[in-house]
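Per Swiss-Prot, the features are as follows:
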BINDING   12-18, 40-42, Arg304, 330-332, 412-414  GTP binding site
ACT_SITE  Asp13  active site, proton acceptor
BINDING   Asp13, Glu14, Gly15, Lys16, Asn38, Ala39, Gly40, His41, Thr128, Arg142, Gln223, Thr238, Arg302  IMP binding site
ACT_SITE  His41  active site, proton donor
BINDING   Thr298, Thr299, Thr300, Gly301, Arg302, Arg303, Arg304  substrate binding site
Amino acid sequence: MANVIVIGAQWGDEGKGKITDLLSRSADVVVRSQGGVNAGHTVVVQGQTFKLHLIPSGILYPDTECIIGSGTVIDPSVLLEEMEQLHALNVSTENLFISQTAHITMPYHRLIDRASEERRGKYKLGTTGRGIGPTYADKSERTGIRVVDLMNGDDLQEKIEWTINYKNAILEKLYNLSPLDPKQVIDEYRGYAEQLRSYVIDSSLKIYEAIQQKKNILFEGAQGTLLDLDHGTYPYVTSSNPIAGGACVGAGIGPTVIDRVIGVAKAYTTRVGEGPFPTELNGEIGELLCDRGAEFGTTTGRRRRCGWFDAVIGRYAVRINGIDCLAITKLDVLDELDEIEVCVAYELDGQICDHFPSDANQFARCQPIYRTLPGWKQSTTNCRSLEDLPKQALDYLKFLAEVMEVSIAIVSLGASRDQTIIVEDPIHGPKRALLDENGVPVSKADTQE
């Protein structure tokens, strides 16, 4: 039995969907613990592409139970659309479960999200406009509507009427927008309730029972560490906690049941939206990374900003999450480069800085200090073991493991499941593996007398 968290070690879009899909074949349960439709993950199976926002990647395995947890925010229209798309591809959703305590994204959340972003002007955050922030704001303000409310028809009408009257005042007076019709919204969401009712459960209890039965549970993170509300590049962050600790809170479990944390990072770095990005490349190499990596958001379609691998934020992610091993994705995107840079530290106001500064103004002033490594100038997409990799590619991976101070368990060389190298058992491998002088993972137990 193993309970494993998969989280993003950068700014999201690291390829968690593929890694979770790979690991789901060994999982009995997959849990999505936070975020909403602002997160997208893509899985490619036998040439067929699945783009999901709310439903866990494990849905492609019919014997794997998939839970949308309490810490998520759910847009019912998007969820039902995803379910219909899966049905059209002959994928069952009978193994899907929805937490009764997850919060619901309402029409006024989307309207306020977009209007608020437009009103910010030069201070815009780069929100997806899907209503995620306002939904979480209502959750904190204790005025939100939860799945359990949606299922309670008697109270739903009164609650929606009161909330819409309150939100209409904001829409009209602050944003000069037309008010919403409470009856229309009530009818719409009652329809969603009937379609989703059979999927709704006490998710924390179900997860607890799976733990008691010693099942393998995979907790699937959305977004990435640097987008965490408390520990990311605030204010250019999401409205939830996509770190390992947030997975426990969002799933409704204690941290002591977690056996392993797997961090996912690209072989370079990307970011969507606004905010500082020390290793960003605006020239030809940045364009090459974007084009070869197909760096366009699953949710918004926006072009992602691309840059060199940043080991400073990588080490920060390892520390914040207690990462035991890494999955490095999109190594193949670097195949055509003569040289590859890795940021190992920053220069901040004339001083060497080897840690991530929490002050956004300081972070914006950080200049990357690079280590240059040779490229390999040949395709890696058909490599299926470390021995198949060009020496320079293997040296690059060893260097990343060294500067990140954690071992690499998985290397991804393309979107398909089979374009993967398993270096060590990512589920049952050693806790926080160390490296010997040859870059080979060894457990802490092996290093103790």
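Cβ coordinates come from backbone N, Cα and C, glycine included.
What Swiss-Prot annotates, mapped onto the structure for a quick look.
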{"residue": "Gly12", "record": "GTP binding site", "DSSP class": "coil"}
{"residue": "Gly40", "record": "IMP binding site", "DSSP class": "coil"}
{"residue": "Gln223", "record": "IMP binding site", "DSSP class": "coil"}
{"residue": "Gly301", "record": "substrate binding site", "DSSP class": "coil"}
{"residue": "Leu331", "record": "GTP binding site", "DSSP class": "helix"}
{"residue": "Leu413", "record": "GTP binding site", "DSSP class": "coil"}
> Any idea what DSSP makes of Thr128 (IMP binding site), helix, strand or coil?
Replying inline: coil
> Does Gly12 (GTP binding site) have same-chain partners at least 6 apart in sequence with Cβ under 8 Å from its own Cβ, and which are they?
Replying inline: Ala39, Ala222, Gln223, Gly224, Leu227, Pro242, Val272
> How many neighbouring Cβ atoms, not counting its own, are there within 10 Å of the Cβ of Thr128 (IMP binding site)?
Replying inline: 23
> Out of His41, Arg303, Arg304, which of the recorded positions is least crowded by other Cβ atoms within 10 Å?
Replying inline: Arg303
> What is the separation, in Å, between the Cα atoms of Asn38 (IMP binding site) and Leu331 (GTP binding site)?
Replying inline: 25
> Counting distance between Cα atoms, which of the recorded positions Gly15, His41, Thr42, Gly301, Arg304 is nearest Thr128 (IMP binding site)?
Replying inline: Gly301
>> Validating a neighbour-count step here. Other CB atoms within 10 A of the CB of Leu413 (GTP binding site): how many?
In response: 26
>> For the C-alpha pair, I'd like the distance in angstrom between the residue listed as 'active site, proton acceptor' and Arg304 (substrate binding site), rounded off.
In response: 9
>> Measuring Cα to Cα, how many Å separate Thr42 (GTP binding site) from Gly301 (substrate binding site)?
In response: 13
> So what sits near Leu331 (GTP binding site) in its own chain, CB-to-CB under 8 Å and at least six residues off in sequence?
Replying inline: Ala267, Thr380, Ala393, Tyr396, Leu397, Val411, Ser412, Leu413
> In whole Å, how far is Gly40 (IMP binding site) from Arg304 (substrate binding site) when you measure between their Cα atoms?
Replying inline: 13
